[in-house]
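Report on one structure; see the data block that follows.
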Amino acid sequence: MIRLLIADDSALVRKLLEGVFLEEGDFEIRTARTGLEALDMVRAFDPHVVTLDVQMPGMDGLTCLGRIMLEAPRPVVMISSLTEQNADATLSAMALGAVDVIAKPGGTFSLELDRLRPLLVATIRSAAQAKIRPTHRLADRIRHQFRDAASSPRAKAARRGAARQRAKAEPAPGLVLIGTSTGGPAALNILLPQLPADFPWPVLIAQHLPATFTGAFAKRLDRECALNVVEVDVPRQLEPGTVYIGRGDADVIVAPRPSGLIALSVPARRDYPWHPSVERMVDSALEHYDGKRLLGVLMTGMGDDGATAMTRLQALGGRTIAEAESTAVVWGMPGELVRQGGATLVLPVEEIAAAVIEWGNADAAD
């Protein structure tokens, strides 16, 4: 049995969610109305998975999550309304260790429940398999979540602008492709800030997230990274010094234009089950780049999205990195890349950036 704690201040939402999982037959469920009740229930019930609403009376979901991750770490899924404020809070939660997010529908919750049911069940089952490892780094992020880390934003912007101009002096020789899902936002928060502003290759990312959150995620990363970070909400020229985040609920591909190659958001296709699709992103890059000029990184996530395409990328002369099982929240996608024999390197998340920098700089110098 999977022990599930549902924390939401709406009695209707609690009842509806409880009904969904009781029908599955293998869930034992408790509910909480406030963050404080949720903390007490975590201690008493010891759930395998917790769902948290962002907005709750007394103690909000973000504060409750921080306490859970410090005192009794376990998989937490945020269930958030589709507002800009909640999107930012939800991304803060994922930086603190929440493994996934489900967007509440904008209309009547009960009317949308049948559409959401498969996603709800799949997400919670995936979260139940996640491995949460408390670390000093995570504790530090929790304790300093609300402190502004940028002591001199203007100085940082000036340095970043100068480095971008140096990086753009020559056409980008290649492309970094990153795919991730469950646990990905926290992993990207570790990897991307390590890349320098003059990194010579553009970086294209497919992170499985609802559309409401990818724009806010790009803005958050842009504040924390030396590289420019943007959402692919419009066609974007692929340029050095820039990270491109695929828009949620769509796919992101590489496409040609007279001015050069671009990152393009396109409608999701049914033959690719996850979105933004890592597999489709890599397939499109292989149509326009020599395999030797591609670097694939597959990180934490349920399932196998991207593993086959990245194995093909390696066979065509490219290089790939699979996140090690020791740091992946869910070793599904990177594990499948390893099983297919398509991983050039297998590295813990903290070491991936160094390999990306070494390979990118070496190839740029060729």
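Note: Cβ is positioned from N, Cα and C throughout, glycine not excepted.
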Using Swiss-Prot as the reference, determine which range in 29-48, 149-168, 229-248, 309-328 is annotated region 'Disordered'.
-> 149-168
Based on Cα distances to His208 (active site), point out the closest of the recorded positions Asp53, Ser181, Asp305.
-> Ser181
Asp305 (active site) to Asp53 (4-aspartylphosphate) - Cα separation in whole Å | 28
Rounded to the nearest angstrom, how far is the Cα of Ser181 (active site) from the Cα of Asp53 (4-aspartylphosphate)?
-> 20
In this structure, which of the recorded positions Asp53, Asp305 has the fewest other Cβ atoms within 10 Å of its Cβ?
-> Asp53
Could you find out if DSSP has Asp53 (4-aspartylphosphate) as helix, strand or coil?
-> strand
DSSP output for Ser181 (active site) maps to coil
